[in-house]
Amino acid sequence: MLQSENRLEYVTTSDLSPMLKRVLSSRVLYAVSLPPPRRKNGIWKIQNWIILGLIVSVLFVVWFTLRTSVLSMLQTQPFPSVWDTTPVNTIPRGGVDGLVQRSHSGTPNTLYGVVIDAGSTGTRVHVFELRRTNSDLDKQFTLIREVFEHVQPGLSAYADNPEQAAESLAPLLRIAEGNIPNDTCHSTSVVVRATAGLRLLPSFKADSILEAVRRKLTTSCLLSSNNSVSVLDGNQEGLYLWTSLNFMTGRMSIPNTIGRHNPDALNHTVGTLDLGGGSTQITFAPSDSLVLTNAPPGYVTEVQTGRSVSPAQAQLGTEVYCHSYLGLGLMSARYSILTTTTKRLPFENYPAMDLLYSPCFTSSLATNWSHAGKSWKVRPLPQSAYRTVLLPHEDAASARAFTQSTDISPITKYCYAHALLVLRDPVEGENPAHVFHPHGYVVHRPNGIEHQEFYAFSYIFDLAISVGMIHDHSGGTVTVAQFRDAAERVCSTPNPEKPFECMDLCFITALLHDGYGFPWTKQITLQKKVKTFEISWGLGALFAELGSSKIT
């Protein structure tokens, strides 16, 4: 505009009317009277600086407000799981798997989490409540309450009836809903993680059950999505339990250094041995890097991500030795012993389809037993058949385990020999299973395991309580030899009300001594609870979802 008006100074006015001349003259005078654009006085400059300062101030206020709001949201919403592999854009608004939600009032001081552990022998619900004492977003949360209930059987028992499997969760969902404030239930998500029971099923049957469970969850006030229901990887199951124990007991005192290549970050942790119904897990942080570098592929797990790491790339302080053996849970071991024994009988003596023989039963024992949705009558193996179903080298291997015993009963020796067969060739699990030499079992023996402190859980704890090795649920310390001695005692004088104790103790002893390679004198701590809270992978999963820096 200004340039076009300035050009009017060069217009010849001789041919224009007086009126037009007057107008043009006035406009030219107005145009040329404007201050040149590059010659601004001091007042104009001051005004510009004032305007610029106001703009910057407004932008800073807007930025600070948005930053505070975003940080508040991040503090009050669950942190993404370091173990979750689901793409972020598929996660519901409640957070990764929606494990923990803030209360309806919007205060960040109380968090609720619901984890359903769908195991092979039963399904358990954990309702967790966490709280901090004030609204300081930098304060840590403390676990203050846990509600725990379970139902039997597990989801895998309904392999041919997915809808019934889903319906078995109904009482657990009611318990969860009843322990969460009404105005918070709709924003508190439920997470269902199935373990070995569903891992052992054909994939199409497991998928049908999972889909039915997803539909069932939509009938609850709890928040759920497709990601809320899945099968938990066996190694993650072991890692979650290990994480839970070491955080709860304060042994992972510098968790923030994990992943920063600090070789001492895990020095004070202890190992875990978990024996479930369908699988067993071992997890520990070795002090010698050779334990990791010499481990088989798939036996080294990164703590922060839960992902398998190549042994050649493993580092102390960031990775742990961790493996899950599918088919070596206690119920799977029973099934292996019973079916292997029965199938070795001569063809003409092969029993009916619903009858299994036990090499661990005395002549007075008999029971009915169910596994994976099927039922059998279990009867003692006739003494005349012991030599038929047991090969000479298997008999000798059993005898070596009891070299310190002078009066071992035949039934103890035969039962232990069949427990060793499970370690050599389990019926359930990987087929064919990888066998490690020179011992010839499917269980790997890590170096230096005798120097590592271990805690044992689940069926190992339960059997120790049952046979009097420990006397209450506060736990205690036992040796591997005590399991062997308990097996010998129980097998010789069985309890008719607990007919499987002999078999179970023989398998646990064989797993610890012949499988993992623990010496007879090795001490193992048995513990079920810490600070009144049950130690389980469910709590470890909660810790992982919230982030280690947010829980005490």
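Backbone N, Cα and C define each Cβ position, glycine as well.
The annotation active site, proton acceptor is assigned in TrEMBL to Glu237. Under the DSSP three-state reduction, Glu237 (active site, proton acceptor) is assigned to helix.
Secondary structure at Thr280 (ATP binding site), as computed by DSSP, is strand. According to TrEMBL, the ATP binding site annotation covers Gly277, Gly278, Ser279, Thr280, Gln281.
Residues annotated as transmembrane segment in TrEMBL: 48-66.
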What is the interatomic distance between the Cα atoms of Gln281 (ATP binding site) and Glu237 (active site, proton acceptor), given in whole Å? 8
Could you give the Cα-Cα distance between Gly277 (ATP binding site) and Glu237 (active site, proton acceptor), in whole Å? 13
CB contacts under 8 angstroms to Glu237 (active site, proton acceptor), restricted to the same chain and 6+ apart in sequence, sorted by sequence, are Thr195, Asp274, Ser279, Gln281, Ser324, Trp537
Using Cβ-Cβ distances, find the residues under 8 Å from Gly278 (ATP binding site) that belong to the same chain and are at least 6 apart in sequence, listing them in sequence order. Gly119, Ser120, Ser156, Thr195, Ala196, Gly197, Arg199, Leu200, Leu326, Gly327, Gly329, Met331, Ser332, Glu428
